[in-house]
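Student: Below you will find the structure I want to go over with you.
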Amino acid sequence: MDPKGSLSWRILLFLSLAFELSYGTGGGVMDCPVILQKLGQDTWLPLTNEHQINKSVNKSVRILVTMATSPGSKSNKKIVSFDLSKGSYPDHLEDGYHFQSKNLSLKILGNRRESEGWYLVSVEENVSVQQFCKQLKLYEQVSPPEIKVLNKTQENENGTCSLLLACTVKKGDHVTYSWSDEAGTHLLSRANRSHLLHITLSNQHQDSIYNCTASNPVSSISRTFNLSSQACKQESSSESSPWMQYTLVPLGVVIIFILVFTAIIMMKRQGKSNHCQPPVEEKSLTIYAQVQKSGPQEKKLHDALTDQDPCTTIYVAATEPAPESVQEPNPTTVYASVTLPES
C-alpha cells in the first residue's frame, strides 16, 4: 500500500472522528439537514456539500461515510470509503447501499428501520477537507382512514342530534388528523389534531358531508363521510327495533310451522290416494260352446233325451291378459256353436 495514501486515509479518519466527537458533544455548529423518506423506498444521499467537487485526474478525492444512530453515539458504522485516484469502485461498501461515482452520491436500497440515522460525510480534496452530515428520517405511509360513529344522542325537545365521530388508520407513523366540512372549513383548531370530532346538528342540517384527512410528513389521505346515512332521524327507528324483533321473530316461527305442517298433510294424502287405488285386474272372458250329438243312440238314452235340446252346452272360461291401455269396464261374452261328428 502506498505510504502516502495510507497516511491520507489516517488523517481523514482522524478528522472524521474528531468531527463526530465534536458533533456528538454539541461542540460543533454544523446543522444536519433532515431528509424525509418513505419506509421501503430507495433514497439517494448526495455526498457533496452544495458545491461541485473537481474530479480531475490530477487531483485526489477521498470520501468516507459513517452512520450513527444518535447524535451522541460513540460507535459509528462505516458505510463507504472511496478513493477517486484508484478507480470508480469504492474500497469498502456496506450491504444494502449503492455508490454512484459519477455524481458522488450514495443510494440506500429499500429503506429499512436500521437505515435511519445520521450520515457523517468527510471529503478530502487534495489538502482541503470538508465535513458535513445528513439526517435520514423514515416514515411508514398512511393507510386510508376509516370513519365510525362512536356515540349518537337524540334530543327530542329541540330536535337536535349530537354525534361523536372517530377517524382511525391501520398503518402510518406520527399520524395527525384534521376535519373539514363540505365547504373546506376546518372544524378543529390547528393545534388540535385529534382523531375525534363532536358535532351537533339540527333537523335542517342533518344531510352534511365531512372530511377526515390523515397525514404524516411523507403522505396524506382523506376520507369523506356522508352524514345522511347516519342521520339523526333514524334514531327513532333504531329505538323501535327491539320490540319489532320480539314481534317478528315469533311470527316468523309460526309461519314456518304452518308451512311445514301443510306440506306434511299434503304428502300423506298423496300417499294414501296412491295406496288405495285398486290394482288392475285381469279381464275375464266367458266362452259358451254348444256340442251337438248326431247318430243313433241307445234307445233308452234316446228316449230320455227326446224332450231335451239335442245340443249340449259346454262352458269354458278363458283368461286374457289385461292390456296396458285403458281397461274396459264390462266383460265381453262370445258364443260358439260346436257340432260333434257322427259316430
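Every residue, even glycine, has its Cβ placed from backbone N, Cα and C.
Residues or ranges marked as compositional bias 'Polar residues' in Swiss-Prot: 327-343. Per Swiss-Prot, domain 'Ig-like V-type' is recorded for 29-138. For 145-228, the entry in Swiss-Prot reads domain 'Ig-like C2-type'. The phosphotyrosine annotation in Swiss-Prot covers TYR288, TYR315, TYR335 and is backed by similarity to another entry. Summarising the annotation, Swiss-Prot assigns motif 'ITSM 1' to 286-291. What Swiss-Prot lists as signal peptide is 1-24, and the listing cites sequence analysis. The annotation topological domain 'Cytoplasmic' is assigned in Swiss-Prot to 266-343 on the grounds of sequence analysis.
Just tell me what is around each of these and how deep it sits.
Tutor: When pLDDT values are averaged over the domain 'Ig-like V-type' (29-138), the model yields 85.
When DSSP labels each residue, the domain 'Ig-like C2-type' (145-228) comes out as 5 helix, 48 strand, 31 coil, counted as helix, strand and coil in that order.
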Student: Under DSSP, the domain 'Ig-like V-type' (29-138) has how many residues in helix, strand and coil?
Tutor: 6 helix, 54 strand, 50 coil
